[in-house]
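Trainee: Handing you a structure now.
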Amino acid sequence: MERRLLTFFIASTAFFMVYISLRTMFAPPVDPALDNPAQVQNEVDEPAALADLGVENDESASDEAEGGEETEVKRPTEPEWTTLGSMDPTSGYFMLITLNSRGAGIERIEITEREENRPDKLKYRRVDVRHGYLGYLSAEPASDIDGVRVRVVGPGTPAALAGIQVGDVIVSIDGQPVRDRESLDNALLESKPSKQVVVSVVRGDSTNPVELTATLTEHPLDLVRLADDGGIDKIEGNLSRLSCLLTLAQVNRKSIAPNNAPIARDVDPTQMIWESKSSGEEGNQNLVGYELPLSAAEMKQIGGEPILLKRSYAVSPGSYVVDMDLEIVNKGKEEQDLAYRLEGANGITLEGWWYSNKISPHFTSGAAARDIVYKTASDGHELVSGYALLKEARSEPKSPYQTIFAPDSSEASKSLAYIGVDAQYFTVAYIPPTDQASTTSFARAAAGIVADAEEIPKYKDRAVNSTFFVDSATTAIPAGGSLRQNLQMFAGPKRPELLEKYGLGDTIYYGWFGGFSILLGKLLHILAGIFGNYGVAIILLTVIVRGCMFPLSRKAAVNAQKMQELAPELKKITEKHKDDLEARMKAQRELQKRVGFNPMAGCLPMFLQLPIFIGLYRALSVDIELRQQPFIPGIDWASNLAGPDMFSYWGDWLFEYMSGRGTGWLGPYFNILPVIVVGLFLLQQKLFMPPATDEQTAMTQKMMNFMTLGMGLLFFRVPAGLCLYFITSSLWGICERVLVKKTLPKTSHFDSTLIEGSAKPTEKKAETGSLADRIRNQISPPEPEFDRPNKRKRPKKK
């Protein structure tokens, strides 16, 4: 009996091992989602979340589902481009949005708001582009003739006003042949805003070109654009992808991959062509809607039944908000557990990425040109740096996204006030509907990049294309029912009053001396309002500050004169205690105490100017009202006080190590204002530095000159407005020292016997007076009193 049992056990074990081996080799793989109950269910049972999602039971849709399963659906075969908003100054729109039906996402957002009382001037233009603008045409090379085919024409653009239409083939501009998008851009490089160009187009079946005259405008700020349309700011490694794409995050037991790959390659709504169902004016809004039916055969690949995806975009005049409606309709016969994934914006403007200094609230990590910002009830306002996202993608290429919150996070962590992509002066963020302060509709949020992490150049890390996504809570949708979501997207400038209106005020961060920066910014706005120019306002602000500091500056000049008088005695002390540093320092302190000299008193003006310098620098880096403000209106030089003055372009002949964007020490432009600043600093040292008394002093002075030149190298790309501050302050300082020198006493401040130690200083009187007087005496002590020469005892004759 025992032998039979042993034989049975051995035979069963062998059979089981063979079965396991064969199953591993030939059986279909098991879906990893089945091994993760949290991923399979991924359900949120909170009534508030389901209410936000808007689960509905549509009887008409249910009746359609009973009619039988669809095996095929008819969809457009070619993508279609649609626009929202306008560039026409009379329309009142602040945005011109270009949408692409392949994925039903946003391809481009241009800011078209006009300056007050100046409809011919854009409030926010491209500060790095000086040539004229024809309009975004989404042009592609034509297949039948040499030229580019126009696929979209925005209303109010110079192209639309000239009569260019969708389907036209542009063959030349002002006689220059156009064969691709690059040659189209190059044909406009020598043009200027308000100038006219002749555009030759071939229309319809005709072979004869038609000449159209277009009056160019300034280039509007392209707040959102494809990476391939970056022009001079195109970064290797950044990928082109539409913004705000919608896809399925969960279908019953199957869910989207960690790397954002679709559930099934053949069923990817972000790459399918959606059908445009509605477009035009509806009430006070410009609206466009899209639909994408997924058939029974397609949904079967991902374990579901037929569904219908719907979405719409709408904008209103005078607003920077895009209203977005999303809906998933269950066309099947059974209840389905569904969730969607909504991607955020990407391709945010890279304006000034190679010279700007964006401030991070985190001391240990810097901010990139494009960062992810969000605010939840538990974390408050947070910033996820583009540097950190790129590092994450390089270290974890299979799961490159950084989780912000997950389905198992606390309710406070998932109470989202906003999430978006943040640039220096602009932000694009999802916010709840108007009547809500936060939303709990989303079960997951994560940040990542739209880029090949390994292809991003080393010194261009800060220009990486950052983005994010949010997943809805998995919801059981009955047959014929639907899941709806209302959302808004803010895409506009970081003006404090505008951001506060939408709960985005925390995205403005000044860093250290923030209150001082805000105060200086307000003072600059007042002065600019009076004199009509921010360059003049900065000069006047410098004069006001230096004027208030004149008494301290005079004290500093007196202190410098005293230092020159003590120089010979200090040299003697140095020679006497050449090898004993401690004794030398003690002797120097005793000398200074004996004559009543405070060496730190001359440094006080410099320390008081430090908050002003940092505050003005922060104001220029954060306050959007200082952006695009010219020093001299009407000329290109120094046309943006918040950036370098860009006197002359040398990027086409100077080697990359010095002129490269992000990779070069100096940048692609020669800036003359930093050169003037360094020249004035060297002049000040030449005029007011005492002559060297020994080799050590001479070496110190030479080192100071080299340090000044090095500082000029580091400051070569600072804002032009900051250079104006330095230039004005330096000129004031030179004039001040010349005038103060005439008021200083001609005689020595110290008696020789007091310096030598043969006389004792007058005992210090008890301090009286107010607290302010005592503090003033501490900062600038009065000169010591000593006996008049005729009252002193004569030394005895030997």
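Each Cβ is built from the backbone N, Cα and C atoms, and glycine gets one as well.
Okay, these came from TrEMBL:
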type: REGION; residues: 57-88; note: region 'Disordered'
type: COMPBIAS; residues: 57-70; note: compositional bias 'Acidic residues'
type: DOMAIN; residues: 121-205; note: domain 'PDZ'
type: TRANSMEM; residues: 523-545; note: transmembrane segment
type: TRANSMEM; residues: 595-617; note: transmembrane segment
type: TRANSMEM; residues: 665-683; note: transmembrane segment
type: TRANSMEM; residues: 704-727; note: transmembrane segment
type: REGION; residues: 755-798; note: region 'Disordered'
Trainee: Give residue numbers and ranges for long-range contacts of the transmembrane segment (665-683): same chain, 6 or more residues beyond its ends, CB-CB under 8 A.
Mentor: 354-355, 638, 644-651, 654, 657-659, 705, 708-709, 711-713, 715-718, 720, 723-724, 726-727, 730-731, 734
Trainee: Tell me, what is the mean pLDDT of the domain 'PDZ' (121-205)?
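Mentor: Summarising the domain 'PDZ' (121-205) by its mean pLDDT gives 95.
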Trainee: Summarise the domain 'PDZ' (121-205) by DSSP state, stating how many residues are helix, strand and coil.
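Mentor: Here the numbers are 11 helix, 22 strand, 52 coil.
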